[in-house]
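Chemist: Before anything else, here's the structure in question.
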Amino acid sequence: MPPAAERVPWRWLAAGRASRSLVLVVVFVALLLDNMLLTVVVPIVPTFLYTTEYEGANSSVAPARTEPAPPALKAPPFSSMFSYFDNTTVTVSGSTSAMELVNGTEISPPSQPPATSPPPPSGCLEGEEFLAKENVRVGLLFASKALVQLVVNPSVGLLTNRIGYHIPMFIGFVIMFLSTVMFAFSGTYTLLFIARALQGIGSSFSSVAGLGMLASVYTDDFERGNAMGIALGGLALGVLIGAPFGSVMYEFVGKSSPFLVLAFLALLDGALQLCILQPSKICPESTKGTPVFTLLRDPYILVAAGALCFSNMGVAMLEPTLPIWMMQTMCSPKWQLGMAFLPASISYLIGTNLFGILANKMGRWLCSLIGMAVVGISLLCVPLAKNIYGLIGPNGGLGFAIGMVDSAMMPIMGYLVDLRHTSVYGNVYAIADVAFCMGFAIGPSTGGAIVRAIGFPWLMVIIGVINIAYAPLCWCLRNPPAKEEKIAILSQECPMQTKSYTTQKTLRDFPLTDDSDVEAESAE
């Protein structure tokens, strides 16, 4: 092979490592796989636990109930018997044999269950009490990922400031791969809980490092908004594919199959990261980022984080409770439990890509305000559905509205740091991810308990009203003040003279020339 041909792959790699578009592709794929694993378990876990625990516990007593009866069966004491001779009902003592009743005028109907526990509707699952308890257990399992991610996120933000984004991104891939394999071969609630918590650690590394990398590569606010919209499209596509993919594969292939497919896709993502990102390279930030606690004291960042938290809390509450509610009220088969989330996923995919561009034109604050109001209205309409087709409208509106909020709030986070703090993005996107995780931690963990206490419809009313009440706060993000603007306000209110200082020095071109110092002084 000639030397020129040997250098072609290396030239391609060098060009790829300098390309912002390929960095966007890497982040897109990482968010896609993370959220596929996030939602693929939604239709699998409730039915898997029901099959293995409830039906498994009752299978031992099932043979005793199906044994053939002896020739002379005794009727239960004081059974109610219907006489076809004179159309009356009489009470017969337990000493009357079944054969005598057949030969006589009284025929015993099948034994009836107690009046306190009526049989479930035809086609519905048995075990109402078990399903009620399962709301809480499934909610805690789903929340474990977000709770762990909530704890790990601040540490990942600090780590990215010290060593860059590449190594944490690759660490996230490794942990996600291990979590996916563990999901495939876990057969108990405890192992599933550990796998879900492990996923939270990997997701923290991938999301914080990925979004921070995008914000550092796309410095223009308009370009950053478009890039964030595309990256969130990967998140939306993962949510879109995950639940239907999991329900269909679990129904027709088996529990391990969807997780093994995701593990294979995760390996491809790891190979892509090795080629593009060079995860062995340490690239610390050139300037020290603003501390997390300083950012948390910024009211504008808190308003943006609250919008992310409460809007996503609605769908987080639906994930563990909606499938069980459908099993109880709609008698839905397994494949429908995941398909119920399909309208929300499709509309979220449309919303993030559409409003990644439109939000900058109409005002991101207005986009998020309208989005949160629509989230609340959609959640109020969910309990009105009588079958799976009645969920299409509310779930579709919910996904579209959350896409509006996410595509507006993620760029605002980076813009607020540029405007009011140091332009280092690891910590602020750690806060954004913490807000996202708080919604997915508080939602499932409290949602199951609320459903058990007051019912699924009241849960939707509570979270819907919260979103509608929070929506007006997004108006505060309409025109947030910069540091220089705050100093100007102070100088108007106070007669004393104030002196303003820029937060960052002017960057000079390299290599330095003899006249560079003179140019820098004149610029100051």
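Glycine residues also receive a Cβ, built from the backbone N, Cα and C atoms like all the rest.
Under the heading compositional bias 'Pro residues', TrEMBL lists 110-122. Positions annotated as domain 'Major facilitator superfamily (MFS) profile' by TrEMBL: 72-482. The annotation region 'Disordered' is assigned in TrEMBL to 103-123. Sequence annotations record features per position, and here TrEMBL assigns transmembrane segment to 21-45, 171-195, 201-218, 230-253, 259-279, 300-318, 338-358, 365-385, 397-417, 424-443, 455-477.
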Chemist: Can you name the far-off residues of the same chain, 6+ from the ends of the transmembrane segment (455-477), with a Cβ under 8 Å from a Cβ of it?
Modeler: 299-300, 303-304, 306-307, 310-311, 313-314, 317, 321-322, 325, 364-366, 368-370, 372-373, 375-380, 382-383, 412, 443, 447
Chemist: Which range wins on Cβ pairs under 8 Å with the transmembrane segment (424-443): 300-318, 338-358, 365-385, 397-417?
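Modeler: Ranked by Cβ pairs under 8 Å, first place goes to 300-318.
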Chemist: Taking contact to mean 3 or more CB pairs closer than 8 A (sequence separation of 6 or more), are the transmembrane segment (397-417) and the transmembrane segment (230-253) in contact?
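Modeler: In contact, yes.
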Chemist: Would you confirm whether the transmembrane segment (259-279) and the transmembrane segment (201-218) meet the contact rule of 3 or more C-beta pairs below 8 angstroms, pairs 6 or more apart in sequence?
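Modeler: With fewer than 3 qualifying Cβ pairs, these stretches do not touch.
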Chemist: Three or more CB pairs closer than 8 Å, sequence separation of 6 or more: does that hold for the transmembrane segment (21-45) against the transmembrane segment (338-358)?
Modeler: yes
